[in-house]
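Note sheet for the following structure.
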Amino acid sequence: MTYFRGFSTAVAAVVLVVLGGCCGRGHGVVDVPTDEAGICSSGVTIHGYKCQEIQVQTKDGYILSVQRIPEGRYESDNGVKKQPVIIQHGVLVDGMTWLLNSPEQNLPLILADKGYDVWIANTRGTRFSRHHISLDPSSSAFWNWSWDELVIYDLPAVFDHVSQETGHKIHYVGHSLGTLILIASLAEGKLVEQLQSVAFLSPIAYLSHMTTVIGAVAARSLLPQVVTKALGVEEFDPKGVAVGNFLKSLCFRPRVNCYDLLSAFTGQNCCLNSSTVELFLKNEPQSTSTRNMVHLSQIARYGVLAKFNYERMDYNLRHYGKINPPLYDLSKIPRDVPIFISYGGRDALSDLRDVGHLLEILKSHDVDKLTVQYIENYAHADFIMGINANDVVYKYLITFINKHGSV
């Protein structure tokens, strides 16, 4: 089934769920969203749930949008502090992607109805996280970051805020890039004391075996010197002219199919309906930094998980004190952190062999703390937008969270 009508729409969504996300507001200052303008109004309160729009400031000055759903639809606040769950989207999308299906089919509202205090995080650069204490999105400095900075600044800022507000350890659910940044955090010993459990949907730690031709071509093309020459921009905006032309050029490469880009990037998703995809396209894709996209492509090219590679010895020496950037050592992930992993047999991004590499590293994990689920007919987008995801994935995820809840 082809989900995109017309080439221009397809190009706008080209990397949409590539590693999880999408949608740009364009350049310039964006007003901080109000309850009426934000994700709460668009995807939560319309269904009868309470929702709060919150701003969290990172230590490097970015102001992140976070939505809190404190209780289920038919609950009344009894003053009891519930266990919090942070839900983290992937690249090129924002938190709205979790809310596209009905309340019975989307994870944040299901968790709220199950008695959890739900927090939806939105990374820097997405439409409601385009503010900084001193930098403007029209400046190159605003976009001078990759997923390293999400590990160093964004996740800790959200975790600290949620910990202070709730007084509980935190359950975390990430999709795609949302898994990568938590995996890297654990490898560096970050957030461990604040975590109750972790759930990885379509985990991304390695990308060497992507079966998507267009993804592999993009990874080879996103070299620092090529990007600078071809794009000349620091913001990677799929709806912008420069990035649009770059993506369009990929479609003329051999064996690249641009008529069904969702499948071309993510694999043959089994369980998306057309109305959900149409709603997705109304909200996504989102901007990220070009440097972030380059960093992601480095995982595919080099086959290792490392900090950003400047691909110049003098630059790496200046930033890291060594010729090559430091690796994230996944063998250092604490063995007693409860981890749930769910991955799909048709996922062209989170490929079976790459997930297998991650699972091999985790083979010494405490047996009773690691749950692995394999879904043969699922691809990348099914985990967040699949109409049957509640029955296939979420009910098992929630059973896992309940099992590893606070004592």
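Cβ atoms here come from the backbone N, Cα and C positions, even for glycine.
Because TrEMBL annotations are produced automatically, they should be read as predictions rather than curated entries.
The structure displayed is predicted, hence computed values, not measured ones.
The annotation signal peptide is assigned in TrEMBL to 1-28.
The domain 'Partial AB-hydrolase lipase' annotation in TrEMBL covers 44-101.
Cβ neighbours within 10 Å of SER176 (active site, nucleophile), excluding its own Cβ and spanning all shown chains: 30. Here TrEMBL flags SER176 as active site, nucleophile.
If you look up TrEMBL, you'll see ASP347 (among others) marked as active site, charge relay system.
Over all protein chains present, the Cβ of HIS380 (active site, charge relay system) has 31 other Cβ atoms lying within 10 Å. Per TrEMBL, the feature active site, charge relay system maps to HIS380 (among others).
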Integer average pLDDT (0 to 100) for the domain 'Partial AB-hydrolase lipase' (44-101) = 92
In Å, rounded, how far does the Cα of HIS380 (active site, charge relay system) sit from the Cα of ASP347 (active site, charge relay system)?
-> 5
Number of helical, extended and coil residues in the domain 'Partial AB-hydrolase lipase' (44-101), per DSSP = 8 helix, 21 strand, 29 coil
